[in-house]
Amino acid sequence: MVKNLIFWLVITVVLMSIFQNFNTNDVNNHKVDYSTFLSEVNQDQIREAYINGRMISVTKKDSSKYTTYIPINDPKLLDNLLVKRVKIIGAIPEEPSLFISILISWFPMLLLIGVWIFFMRQMQMGGGKGAMSFGKSKARMLSEDQIQTTFADVAGCDEAKEEVSELVEYLKEPSRFQKLGGKIPKGILMVGPPGTGKTLLAKAIAGEAKVPFFTISGSDFVEMFVGVGASRVRDMFEHSRKSAPCIIFIDEIDAVGRQRGAGLGGGHDEREQTLNQMLVEMDGFDGNEGIILIAATNRPDVLDPALLRPGRFDRQVIVALPDIRGREQILKVHMRKVPLSKDVDPMIIARGTPGFSGADLANLVNEAALFAARLDKRVVSMLEFERAKDKMMMGSERRSMVMSDFQKESTAYHEAGHVIIGRLVPDHDPAHKVTIIPRGRALGVTFFLPESDTLSISRQKLESQISTLYGGRLAEEIIYGAKNVSTGAYNDIKIATSLAKNMVTQWGFSEKLGPLLYAEEEGEIFLGRSVAKAKHMSDETARIIDEEVKLLIEINYSRARNILNENIDILHAMKEALIKYETIDAFQIDDLMKRREVRQPKGWIETDTNK
């Protein structure tokens, strides 16, 4: 920063001195045209004329002054002035100094060189570390005092913590392992969906072991200049050796560790040179150096096999989505700084958030706190957590959207059809909440909440899901006729078709085709294994697959139609409840399915609008 200020200060001083050299002493005098000057000479009003090139500084007999400019060379001017007895003073031409002459001739070139150096420094190093330092590592080093994260801050992944806990013991006491001939894994690859806490777990390892922590993203290695990535890899490992024992953490390593020869661009590019250098460095340092490389990715399938072999990343730690107990622990960690009402139960929230990652749960707590802050509450209650969960699962409410009475009615029938089918088909998740308030891009939403974490899905459950997906379209068809069915079921049809196709081609749920895999490979061009899309079936087999998919859809479509026809009274009653209350939960759904009077939702107040 100081060097940049000095650089621009020098340029400013030089420019000011150059401009000052060309200034005249009489720039502030009043200017008059040349014809007026000649007229006043003829009228004998001029006392003195100071001639400096083509500029004349004039002093009149009344002591007033002005300047004028000779537009063309006038040979009679001096004679006229002498005739009128005007005092003539000629300016002595000033020769510029040698320094000014050299500066004027070289200044443009020096300015261009200075600007080039400045911009190269800013673009490449972002802070004045030198214009030729492109190959320096961008890894940021955090000392043991800067890392406050510990295993207590990481929840919901007990198995992963147990896997990496021996790293902490090794970094604290390496001789304990070395004297028995044991070697700690040189590299650990953390694999898991986004938001599961891979980066947080790596920081906790460094925080527990109290060792330096180098962090860098996979995309920071590759630049526009050839060879920069490999140079940065060398520089990073060189610095880490000086700080050993230490941890190097590479986030999103698939940006640089993608399989070589991938895509259409050939096999020799800057990214592959960087990967080759990383492979050499990982295999080059000995285990007793105390350098542990940890990387994180959610795309392990695209990584180069050489990167995953023993001796490099020889251990994979799966950081999966948390189960119900893990979600409860994560919620408790994030609720530490939030004032909570007595009715808040983390276990109930955890039970209602299957499939949520650690990042999702952190966002849930934050959204609940924001809801409470908007209402000027002092504590966050269970109601705010419920509203935050609905927002994350079903989208934000769009109450400003104007819907006609017919649109509300058709949406209510559509959502009621989903709910009724979902409640009456076997092995289906129970309906948790249904609303006709527009949320996100949907006019209405039906949300089914699993009773437990889903590990595998049975054929019966898949067929029940297909029937439920068509429940909305069938409800419209039964009430309004086939010609008046809307396009609102587009996404339902898309999901149902995909499920049926997977059941036939991937999961072996077709009696005619048997338990064989018929799925075509997708995304191969990005992995570099094939440019053309491979086809693993004959035309006749493809025709049979289409027939089986259609048959599966027709069976479940017909089942859903029969269920709605047999429960048409519940369909009408649920439509009325949705129009009145706009949102109903599992308790109201139970009342409707048992043909009882529907209780009012909690906190609902009847107004003239919803009458």
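Cβ coordinates are placed from backbone N, Cα and C, and glycine is handled just like the others.
Per Swiss-Prot, the features are as follows:
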type: TRANSMEM; residues: 2-22; note: transmembrane segment
type: TOPO_DOM; residues: 23-98; note: topological domain 'Extracellular'
type: TRANSMEM; residues: 99-119; note: transmembrane segment
type: TOPO_DOM; residues: 120-611; note: topological domain 'Cytoplasmic'
type: BINDING; residues: Gly192, Pro193, Pro194, Gly195, Thr196, Gly197, Lys198, Thr199; note: ATP binding site
type: BINDING; residues: His414, His418, Asp492; note: Zn(2+) binding site
type: ACT_SITE; residues: Glu415; note: active site
Out of the binding-site residues His414, His418, Asp492, give me the one sitting nearest to Pro194 (ATP binding site) by CA distance.
Asp492
PLDDT averaged over every residue in the topological domain 'Extracellular' (23-98):
78
For the recorded positions Glu415, Asp492, which one has its C-beta crowded by the most other C-beta atoms within 10 angstroms?
Glu415
Relative to the mean position of the Cβ atoms of Gly192, Pro193, Pro194, Gly195, Thr196, Gly197, Lys198, Thr199, the recorded ATP site, which additional same-chain residues have Cβ within 8 Å?
Met190, Ala296, Asn298, Val319, Ser357, Gly358, Ala359
Report the same-chain neighbours of Pro193 (ATP binding site): residues 6+ apart in sequence with Cβ closer than 8 Å to its Cβ, ordered by sequence.
Asn298, Ala320, Leu321, Ser357
Write out the long-range same-chain contacts of Gly197 (ATP binding site), meaning residues 6 or more apart in sequence whose Cβ is under 8 Å from its Cβ.
Val154, Gly156, Cys157, Val319, Gly358, Ala359
What's the number of neighbouring CB atoms sitting within 10 A of the CB on Gly195 (ATP binding site)?
17
Whose Cβ lies within 8 Å of the mean position of the Cβ atoms of His414, His418, Asp492, the Zn(2+) site, other than those residues?
Glu415, Gly417, Thr446, Leu469, Tyr470, Gly471, Gly472, Arg473, Ala475, Gly488, Ala489
Check each residue in the chain of Thr196 (ATP binding site) that is at least six apart in sequence and keep those whose C-beta is under 8 Å from its C-beta; list them in sequence order.
Gly156, Cys157, Val319, Ala320, Leu321, Pro322, Ser357, Gly358, Ala359
For the topological domain 'Extracellular' (23-98), jot down how many residues DSSP puts in helix, in strand and in coil.
17 helix, 23 strand, 36 coil
By CA-CA distance, flag whichever of Gly195, Lys198, Thr199 among the binding-site residues is nearest to His414 (Zn(2+) binding site).
Gly195
Can you tell which of the binding-site residues Gly195, Lys198, Thr199 lies nearest to Asp492 (Zn(2+) binding site) in space, using Cα positions?
Gly195
Cα-to-Cα gap, Gly195 (ATP binding site) vs the residue listed as 'active site', nearest whole Å:
31
